[in-house]
Structures are given as C-alpha cells and as structure tokens.
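Novice: Encoded as structure tokens, here's the structure I'll be asking about.
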Amino acid sequence: MSPPHKASTTKLLLCVFMASVMAVTAGNFLQDVDVTWGGPRGKILDGGRHLTLSLDKDSGSGFQSKKEFLFGRFDVQMKLVPGNSAGTVTTFYLSSQGGSHDEIDLEFLGNSSGDPYTLHTNVYSQGKGNREQQFHLWFDPTKGFHTYSIDWSPESINFLVDNIPIRVFHNWEKIGVSYLNRQPMRVYSSLWNADDWATRGGLVKTDWAQAPFTASYRNFNANGCVASAGSSSCGSKFSNTLKGGAQSDGGRLDAKSRNRLRWVQSKFMIYNYCTDLKRFPRGIPAECKRPRFL
C-alpha cells in the first residue's frame, strides 16, 4: 500500500457514471497530472515532458492524474532509483477512494546494491486485496527507461512490462469473485520509505546517507474512459488492446502474448498467492482454480 494520496475525498460511485472514450494527451505531465504531496521533491521538467519524484529523510513525493477513469490503458516510462535503494518503494497504480476502494498496484521494492528489484503486484476489489504476485525483472530497471502498463477492461486486467504481459486478472464475477468495474479510479505514482517491510521483509533499512533517492518518468499516457457524473457506464465501449501486435479479445490473450506470459511467470515470478497453501489452509481463492493462461 502507498501513503495517503492527500487528495480530496471522492464519493464511491457505482454504476451511475456517464463516460466518453477519450485519449488523453500523451507525454505532457503539466496537462495530465498534479504533484499532490512532497512539495519540491516532485518536479515537472522540460515543459511537461519529464517528471521526477524524490525521497529524503523528511518526506517522499507523489502525483495523481487530473482525471478519473472507468477502464483504460495506462502507460508510463520509468527509470527507478539506482544504487542502494533498500527500503524505498516506487509505485505506479490505479485507485478509487474510501474503505471499499478498488486498486491495481505496481510497486517496485528497492534493494541493496547488486540485488534485483522486486516488482510487487496486487489487485484490490471493494477493499479486499491479498492477491499478490511478485517478480524479478529480466533487465536492470535503473539503467534506462522501461514502459510499465496497466490495461483494464470489463473482461480483465493485464499487467505489462515493455508490452510483455506478466500477469492477468480475469473477471470471474460469474463464480462469485468481485471485480473492478464500478468505481472510477485515478492514476497515482509515489516514491516513499517503507523500510519496515520493503527489502527482505524489513531486515534491510534505508541508508539515508544515499538520499535523496530519485525516480524519473516520461511518456505518460492515459487512454481510457473519462468518468463524470451521469446516467450510464462506458463499459461496453472499452476492451483490452496490447500494443505492438499483441491483441486481447474479450479478455483473452492471443497466442504470442500467452507465450510471453508463460515465459515471465516460469522464469521470473518469485511469489504467487495462488500457490501459497500455508496462507490459505482452507483452500486457495476461487479465481486461482480457473485456467491460468486464457
């Protein structure tokens, strides 16, 4: 989880949204986001083409999208904190507000120098999470910019790294699994200190002699259904589309994308809640019993 958004409270609206499909201008942070906390630690640079978030002993920083969305594809290029980033967490996620909120998480857990970052993913529906999957990356995310994406439709949520799917969370409402299809969400990103749990379960603490810690961003793109109060939903207008030739049909990945997903999950997944039998002694969650690669 991330620190408080420090944004105004948003009512939990269900299926009473009128939305239009709107491609938000890509790559201009001045137009698309607000730095919401951290003061001067969050900086929009180069006329909106770049953004940096920093963390020091006094505070982290974060930004949020100006608009709320009900379904869409959300991309950003990030270069993570280099060197000894132990204890730090850099996030890119979607979230609604309130105790019964929905949330889709990409969280990058810092490391001791030379160790790999951990990419922590989670899905919250109506306030319930506990759906963690974790990965190591097949590249050094501090050496250059890489694209991280959340592709959210009525059928499924796809998590992607450089357009390679690493995780799919399907809509299994028909078997009683709650899904994220009623609450509009904003896009958030933050850099903050979590040395009580982030690195080796909190055993490795943040070395403040390395501060300030800085993550860099560019090419933010939010292409989705912009939500506003009204009488209907845009759900029927939006479906998953994976750029670069990989397509999704009704929430189902094509063969190329399924192969990429298998490759990532077999080689780089380090934790999957669906296989943690000690955590679920009475049986794994219902969605874990469904076919994995659809």
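Quick reminder: no glycine exception, Cβ is built from N, Cα and C everywhere.
So TrEMBL lists these for the protein:
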| type | residues | note |
| --- | --- | --- |
| ACT_SITE | GLU103 | active site, nucleophile |
| ACT_SITE | GLU107 | active site, proton donor |
| DOMAIN | 1-217 | domain 'GH16' |
| CARBOHYD | ASN111 | N-linked glycosylation site |
| SIGNAL | 1-26 | signal peptide |
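If you look at the structure here, what lies around each of the features I listed?
Specialist: GLU103 (active site, nucleophile): 20 other CB atoms within 10 A of its CB, across all protein chains.
Counting every protein chain shown, 21 other Cβ atoms lie within 10 Å of the Cβ of GLU107 (active site, proton donor).
When Cβ atoms from all protein chains are considered, those within 10 Å of ASN111 (N-linked glycosylation site) total 24, not counting its own.
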Novice: Quick one: Cα separation, ASN111 (N-linked glycosylation site) versus GLU103 (active site, nucleophile), in Å?
Specialist: 25
